[in-house]
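Here is what TrEMBL says about this protein:
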TRANSMEM  73-93  transmembrane segment
TRANSMEM  99-118  transmembrane segment
TRANSMEM  130-152  transmembrane segment
TRANSMEM  167-188  transmembrane segment
DOMAIN    241-394  domain 'Oxidoreductase molybdopterin-binding'
REGION    487-507  region 'Disordered'
Ligand SMILES: Nc1nc2c(c(=O)[nH]1)N[C@H]1C(S)=C(S)[C@@H](COP(=O)(O)O)O[C@H]1N2
Ligand SMILES: [Mo]
């Protein structure tokens, strides 16, 4: 088989794949938008979701480290490449055996169907878009291979043949249509899943306790993180490939498990409770030393302990497994939700309803714990249970059962690899030790002595603390600046480096700068 023939056959395979997904994704968009599908009828999103769920910790770390919050885009590109290669192979195989090609094609389709069925909230009806896609795709494959095959069987053929060119053109056209279908279907699905402005206009509770942020807590240095992270810049981490659309009108939160009585509240009831404001810094366990997966804001919510008290927690319970609308779970030690810290059933951040990607309409925020064991977005259930009976989503995937936040500090300015002018150089950043507070921050130039940084006010031990230090006499050349914090219990951050897995990174943040002549 010539390279050219192989190329044509590969094109037919890819066109069949594109046709399948074009029909399936368009159908999925219709299923989500018009038919109220609760699962994941999109085979692309279902396969991606199933893949993410099975991602080992090291791969997740690598993906976050390499692509940051673009990890989902990277996953999409990767899946696209794999699909092109596999369908091209199907096409080439079809030149030898049409039956084998169709068999392999349907096998890949079956994986998609399995993925759709495995997603949270899946119903058999979620399968029809993929089935319809497979029917169309198989027809394209058989017709395309047939077209090429007939031509091949004509004896003594040499130059270009009109029929063959027609097959190639048709396959190309089908491929383009398929890609358009995929794009349109995904757009339908995703916008359908994001909470619209209409449902967001439902109003917020008036907190019975407000926080005051003193001016002395705010940033004083340009380039330093603002004390309150703007919501649109707040990091986002979750396993959701589309943002779950949760309608407050039908949302409820149930307390189940080891309780005296099960309790369920709806949105209207939640808004009637006594909400409070709390400044809490949220951190991801995947954050590397000096990394960006941390943000601070004012949360508004109803204390979790009050809801748990209504249900009556049984004495043997030691964990709450919170579950989100998309099936994700976190296992939180019961004491973190029942002691007097501001563990909230939160409905607002920075005075606004939660954006869809941060958990609209309701999420948990628990000071002192990494997000993966506490900060369930789109929360719908609190199952009171035991660590020896249940585990949160990330625990069987290589992350620790418990995730208290480690004391950390970060240099925001100067940035790593910055060029700064000799003389006075302002060094500034943030430090956090939720539940313990930050008592000191020190900065060191190269191997010099530790110098005390100036600390901004600390309106809450659960919020990060801004700090700055003026390097009085920066001399030309390359230098390293290192920071370390001491928490409210007097313990200084360890310099022993640790990777994020299994329970959070440790080590001191350092940046390299080049000091240039002052002119
Ligand atoms: N439903 C759901 N909630 C979730 C997660 C998730 O994957 N699904 N990830 C958690 C993790 S690991 C973190 S760090 C925080 C991040 O919250 P944010 O995206 O609002 O910053 O959400 C937590 N809540
Ligand atoms: Mo996280």
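Cβ coordinates are placed from backbone N, Cα and C, and glycine is handled just like the others.
Unlike curated entries, TrEMBL annotations are predicted automatically.
Panel annotation: around the transmembrane segment (167-188), residues 8, 11-12, 14-30, 32-33, 42, 44, 140, 144, 147-148, 151 of the same chain, lying at least six beyond its termini, place a Cβ under 8 Å from a Cβ of the stretch.
If one looks beyond the transmembrane segment (130-152) by at least 6 residues along the same chain, the residues whose Cβ comes under 8 Å of a Cβ in the stretch are 5, 8-9, 12-13, 15-17, 19-25, 27-28, 41, 43, 90-91, 94-95, 98, 101-102, 105-106, 109, 112-113, 116, 161, 163-164, 166-167, 170-171, 174. On the 0 to 100 pLDDT scale, the model's mean across the domain 'Oxidoreductase molybdopterin-binding' (241-394) is 97. Helix, strand and coil counts under DSSP for the region 'Disordered' (487-507) come to 0 helix, 4 strand, 17 coil.
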